[in-house]
Amino acid sequence: SAGFKAGVKDYKLTYYTPDYETKDTDILAAFRVTPQPGVPPEEAGAAVAAESSTGTWTTVWTDGLTNLDRYKGRCYHIEPVAGEETQFIAYVAYPLDLFEEGSVTNMFTSIVGNVFGFKALRALRLEDLRIPVAYVKTFQGPPHGIQVERDKLNKYGRPLLGCTIKPKLGLSAKNYGRAVYECLRGGLDFTKDDENVNSQPFMRWRDRFLFCAEALYKAQAETGEIKGHYLNATAGTCEEMMKRAIFARELGVPIVMHDYLTGGFTANTTLAHYCRDNGLLLHIHRAMHAVIDRQKNHGIHFRVLAKALRMSGGDHIHSGTVVGKLEGEREITLGFVDLLRDDFIEKDRSRGIYFTQDWVSLPGVLPVASGGIHVWHMPALTEIFGDDSVLQFGGGTLGHPWGNAPGAVANRVALEACVQARNEGRXXAREGNEIIREASKWSPELAAACEVWKEIKFEFEAMDTL
């Protein structure tokens, strides 16, 4: 008979294909699916595959004008989640042709743009993505990466030290610059604009940029070390963001900063390209990430946002502390830290890594540990994050009873002591408190910091368990 077979049919008839052999060029996704009661997992998984690729709720006439088998997403495997009766992991393969080259924005619009409001699902979380080599190669990635950054800064064999300037809102530009100078002079490598410092009435961006540049050049001259301040270029429009980045380059400073989730991937990728072309390092803050990644059964896991940032571009990204005031579990955190830094990462479910990822020499990103950490955490931080990281102590520097510069001295002495102890073969984690106590005997600044924050115990339940 003429015409086509109209009507609504089960997604699983077309989009659930357990025999499918995944291709090297497919983008693979692992979704944690919580179907509504009565919806079988195969149908729920197929619905996700359909709605995030070629499907719609009914058969349409124009399906006949395309090759569905070439373009459809496929749910190729479903597994139950241990200990969760209502949850499943659905694996979906997407043909590469569904995505625009070099666009993280398009990748997310396709994969997570529509399906999360789907009625057949009670909840949905994107746990991991496997980015195929063919797609990775369409991205510039980080402007410089870990090795180039070390070479630019001439700093090797240890983590880098930073500090967020507080109070985050309300300082004048000149006082802000003074705080920057004191921290850098004391021994930090970097200071940082807070993520919500953009250009407000009490401190316009241009004034801040000037005073911070003056501060870092003065500190550089006094210490003989290269210094940086993350100048936050985040703005209300891309044009304004670029104006700020260009001014930073004209000042000759080494690094700018961007809030990549609130600013958006399009703006971030634009800025990353500018930074590579103009020799600026790019520090990335993840403001708003917990809105997306904190729920265990719905949203997007941070490891996906981290992979997306490596593609879009950034040289540093905040990644939790494992020990401070913000949530984050050790194995999970180390999983996405490796995804940020390493070139090839094996599948390892115990660390939340669902797929083997090959970055084919895309530069790496330095993880930034920031939030509620102080000198007593230093041994654990050096042990957990290793050399290729940035450790940021905001309150842990500025809260020092003698002021910012002594606070910076305390952190630098603690770091150097931990690195030396490790290089001598001592177990920084086990002997941590002892290492810090020894160093504080010859550093009054460190002794004062130790007194304020006292020794710590690592005993609390993390929320993000597998």
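Residue numbers in this text run from 1 along the chain shown.
Note that Cβ sites are derived from N, Cα and C of the backbone, with glycine treated the same way.
Among the features that Swiss-Prot reports, active site, proton acceptor is placed at Lys166, His285. Annotated substrate binding site per Swiss-Prot: Asn114, Thr164, Lys168, Arg286, His318, Ser370, in sequence order, evidence recorded as sequence analysis. What Swiss-Prot lists as Mg(2+) binding site is Lys192, Asp194, Glu195, and the listing cites sequence analysis. Taken from Swiss-Prot, the feature N6,N6,N6-trimethyllysine applies to Lys5. Taken from Swiss-Prot, the feature N6-carboxylysine covers Lys192. For Lys325, the entry in Swiss-Prot reads site 'Transition state stabilizer'.
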Across Asp194, Glu195, listed as binding-site residues, the smallest other-CB tally within 10 A is for Asp194
Here the Cα-Cα span from Asp194 (Mg(2+) binding site) to Lys5 (N6,N6,N6-trimethyllysine), rounded to a whole number of angstrom, reaches 58
Look up Ser370 (substrate binding site) in the DSSP assignment and report helix, strand or coil. strand
The one of Lys166, Lys192 whose CB sees the fewest other CB atoms within 10 Å, among these recorded positions: Lys166
Lys5 (N6,N6,N6-trimethyllysine) sits from Asn114 (substrate binding site) (Cα to Cα, rounded, in Å) at a distance of 26
Please give the greatest C-alpha separation between any two of the substrate-binding residues Asn114, Thr164, Lys168, Arg286, His318, Ser370, in angstrom, as a whole number. 37
Starting from Glu195 (Mg(2+) binding site), work out which of the recorded positions listed here (Lys5, His285, His318, Ser370) have their Cα within 10 Å, and give them in sequence order. His285
Neighbourhood of Lys5 (N6,N6,N6-trimethyllysine) by C-beta distance under 8 A, where only residues 6 or more apart in the same chain count: Thr59
The most crowded of the binding-site residues Asn114, Thr164, judged by neighbouring Cβ atoms within 10 Å of its own Cβ, is Thr164
